[in-house]
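Data first, discussion second: the structure below is written as structure tokens.
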Amino acid sequence: MLPPSRAQAGDAPIRSTDNDAAVARLSAVQKGYLTDPYVKFLVPRSHLISPRPPLINIGTYVRSAGIDALVDQWLELSAKADFPEITTKKAMAIRKSKELTGGLGDPAAITLGQGGTALHSAKYHLLPADLRLSPSETIEPMLFSSSDQDHPAILDPSLPTLLLFECVLVYMAPESSSRLLDYFVKTFEKVHSGVLGCVVYEMFGLNDAFGRVMINNLKERHIALPGVEPYLTRESLSKRFLQTGFTAAVALTLDEIRKAYIDKEELERVSKVEFLDETEELDLVLAHYAISWGLFLGSSDLGLNWGHWGLTRKLN
């Protein structure tokens, strides 16, 4: 299930962005933008890490607010897939922390698997996988047709299921990410009651001066964005879902979400957390990140229950 060793070594810079995101979230929590009692257990030596600048903290806040609003309507069981190097560290952090294991159900039922790269519990599964490979080699045996009697299939296409890709597809070749989305839609097409949602967060529209600077900065860290080129506009992000079989799709920039989809009172609270004198720069950065979501319904009558899913515009 893993790529050749050379490819794994080449993925180290991409894996490092996972820690960047965790540190950014930790900073937003430390400053009071977000409430998350668990993130400190997933960041090594978290008490020694300095807070990030206000621009990063606000961006992290808007990202979290938008994604949380979309995800909260689905959660009952959670499964996360990532590079084995990352899942190993997270599995160890979870097993060592009473605070983390306490939220996963019966502690006695929490088990490690696959040489410590996987973790299973009643409410959460942490799974090692390279999503760039064929879904029939990775997703199918991992989620839908497990041969492990101790850990049966995790997902059931007859139950509403949400996919969440936070800065994932942008690191994949477009054909690989399209194949992945297409696989999930075809799996849920087989069930009349199939409901599949998908949320994608990533940068886009990097064909301007801002984008070129971002791409060059990432190149210095040996990080490439093979999945960004086809998505130059917000409309192209929602079109991706429709091209892979989703019933409906929407895309919003973080700038749009911040200005029109967060309550006025909450925006006022956030504005008082830290002073930010360069709001133009914030607008520019947030305009190059988007949250897009797609919905697949196996039957038209399911729209009565799921057609409302999405972010709600606020009358500020």
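Glycine is no exception: its Cβ is also placed from the backbone N, Cα and C atoms.
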Per TrEMBL, member of GLU76, GLU99, GLU140, GLU166 binding S-adenosyl-L-methionine alongside ARG63, ASP130, LEU131: GLU166
Taking each of the binding-site residues ASP130, GLU166 in turn and counting other Cβ atoms within 10 Å of its Cβ, which one has the fewest? GLU166
